[in-house]
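*Asks:* Sequence annotations record features per position, and here TrEMBL assigns domain 'Anoctamin dimerisation' to 2-165. Residues annotated as domain 'Anoctamin transmembrane' in TrEMBL: 168-747. What TrEMBL records for 179-206, 257-277, 342-367, 387-409, 436-453, 553-574, 704-733 is transmembrane segment.
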Amino acid sequence: DGKIYFVKIHAPWEVLITYAEVLNIKVPIKENDIPSTVENPLDCMLAPLRLPEKVMHPEPDYFTAPFSKDKQELYLINDENTFFSPSMRNRIVNYILTRCPYGTEEGKKKFGIKRLLNNGTYTAAYPLHDCQYWKKANDPHCDNERYTLYMEWARFLRFYKEQPLDLIRKYYGEKIGIYFAWLGFYTEMLFLAAVVGLMCFLYGLFTMDENMSSKEICDSAIGGEIIMCPLCDRECDYWRLNTTCESSQYSHLFDNVATLFFAIFMGIWVTLFLEFWKRRQARLKYEWDLVDFEEEQQQLQLRPEYEAKCTQKKKNPVTQEMEPYLPITSQAVRFCVSGTTVLFWVSLIIASMIAVIVYRLAVYAAFASLMENTQTLQPIRGLLTPQLATSVTASCLNFVIIMILNFLYERIAIWITDMEIPRTHMEYENRLTMKMFLFQFVNYYSSCFYVAFFKGKFVGYPGAYTYMFNRWRNEECDPAGCLIELTTQLTIVMAGKQIWGNIQEAIVPWICNWWGRRKARNNPENLYSRWEQDHDLQTFGALGLFYEYLEMVIQFGFITLFVASFPLAPLLALMNNILEIRVDSWKLTTQYRRPVAAKAHSIGVWQEILNGMAILSVVTNAFIVAFTSDMIPRLVYYYAYYENEDSPMSGYINNSLSVFQISDFPDRNKPKLNPENLVICRLVYRDYRYPPDHERRYLHSMQFWHILAAKLAFIIIMEHVVFIIKFFVAWMIPDVPADVKAKIKREKYLTQKILHEYELEKLKERL
């Protein structure tokens, strides 16, 4: 168009071999002679899930060694044009461009393509895709890897097929390859958790009619005769317990004995997942030549921004070379500003959560009054209790606030991490990850923690209710328990996040590209070149993978931290992830410019975050079973307080709802009307207090303390049992498979032997 100019950069052989040595790139020296592992007897059954061998393993397996320019005859160089893979070539070119000087300003050297991109000298810098994704290139020498990836991997109809990880690694580099390997492995492991969770849910469904608590609530002779105290002050009326019949039946779906089994199972599942992933990662590390990568990553990935901004230099004690550094005083000031900013934003989330709680308390009274005094809600009144109506609307409001705060904080987190000037790329990513994860953790999970551990726990009793800010009466749980509300909260936030995430990831880039290409679509293909087509695509960016990991780790928290309240969470996550793999692969292959290849030997700091969440999940699920579900009070009643030996659970509802004498209501709480001249009412939530005619009236009874002791004992026992099993399983499973250890040793031995023989030959020639 006469406005945009393209500069195509090519790296000739001499440049490639020079920088291959600088970057310590490993190249083939000999074909792998270790026989492959024994055939899996289930291979014939898994055949429909397999991809063609050429797609799965585009290159033979080689023993490799770091490249050396002086020893080229050592390596298996058949063709100089194809010896370095496209991902290696674009990594080398990017390394040169990020460090290339182009001028001076006030005595300081200016260098790096990133600075030129920031100041608008260039609008973009990207490696080219090798062909169109929907058809092969005309060039017979082109590998058409993008086309193969699209046809075999990036289409949703291939959702049941394995992923071509070696081809992904070859085309996009190890960092993107290891993300898809982790996501695929996580999805496979979710299948087991989803099946067990579904079985626990079906158990709750099939035993719903046998649940004695909901039977008594629904019975007009029991629940229909129990008069409940008003749900709010002054405006609300007395009501009958059997109006919550349907919600109490549905709460049994999630609050049953299978909940305990599933909470323990998930504590063990998460350990198996993390331990087997370490083994899978170790295998990939070997296969992708990343065994000795850690040291070189620290040395090579000094950020150009760090070099540009740090004017002072000091001698490196290892290399004995002068290198830039940031003084301690400057670091301390930057960390203080950074820490204060993070604390401020976390405080903002907590403030927004308190605002949502205030909303809950304010509308709870309105819903309670509305639902008692109107006939228009009759068709859904049995299911939609004031507690549930408040919970649903508050969850939706909370989800909107979460998304707004996320949008704002992402930009703040990047800004403060840039301000800290981390030394290496790895340091930069780790610091940004910790900031973003801390924020997202508080943002997404705070509302679930409130419902699980605080709601309905500090209510008081009629005449001595607890008020927030001395104005709003604290919320009470449904007579069937708080677990159904935690399930509602979890479902809305988790499902909402997943739906919104997929819309953002797939539809937004597609619309942007469609709009960007609107003028070029009418041009013939020979005038719309490969680089122009790629220029019209979206940029994946250095933080593209970071957001993908963050999304999955937040989801991992939902299916582990609160899974005791919602056994179907792993099934929801499994269905989302099957879609997620194909959406991510589709957008990367069709909607984004080809990212610069980068190396990574693991999922990085995310591994530590997952380990931390796995340990925390045992504690949270133990507390949910003990304090949020109704299991422990039922067990205590069953074994210690039953009234009927033939049916130990009968009478439980009557036993668990404390009695209050209406004449003891203070004016602030007393309902305006009492048309039936009622004398007593029952507390809405599980509470064990002495009756009005007792000398210790309205104080907690001995049964309350027995239940509290049982809850604390249960938490200690469950935590210890699950932790012992977890650590035993982790100890039993080695991190590196035996055959991988043998291959690593064989490769080191062989490399040393070949190098030794080569040096001997050279010495003989000289002599």
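Using the three backbone atoms N, Cα and C, a Cβ is placed for every residue, glycine included.
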*Asks:* Go through 257-277, 342-367, 436-453, 553-574 and flag the stretch with the largest number of C-beta pairs under 8 Å relative to the transmembrane segment (179-206).
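*Replies:* The stretch with the most contacts is 553-574.
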*Asks:* Are there residues at least six beyond either end of the transmembrane segment (342-367) with Cβ under 8 Å to its Cβ atoms? List them, or say none.
*Replies:* 231-233, 235-236, 386-387, 389-391, 393-394, 397-398, 401, 405, 409, 412, 416, 435, 438-439, 442-443, 446-447, 450, 468-469, 472-475
*Asks:* Near the transmembrane segment (553-574), which residues from the same chain, at least 6 beyond its ends, have a CB less than 8 A from one of its CBs?
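*Replies:* Apart from its flanks, the transmembrane segment (553-574) reaches 186-187, 190-191, 193-194, 196-198, 200-201, 204, 254, 258-260, 262-263, 266, 270, 437, 440-441, 444-445, 448, 452, 483, 486-487, 490-491, 493-495, 497-498, 606, 609-610, 613-614, 616-617, 620-621, 624-625, 628-629.
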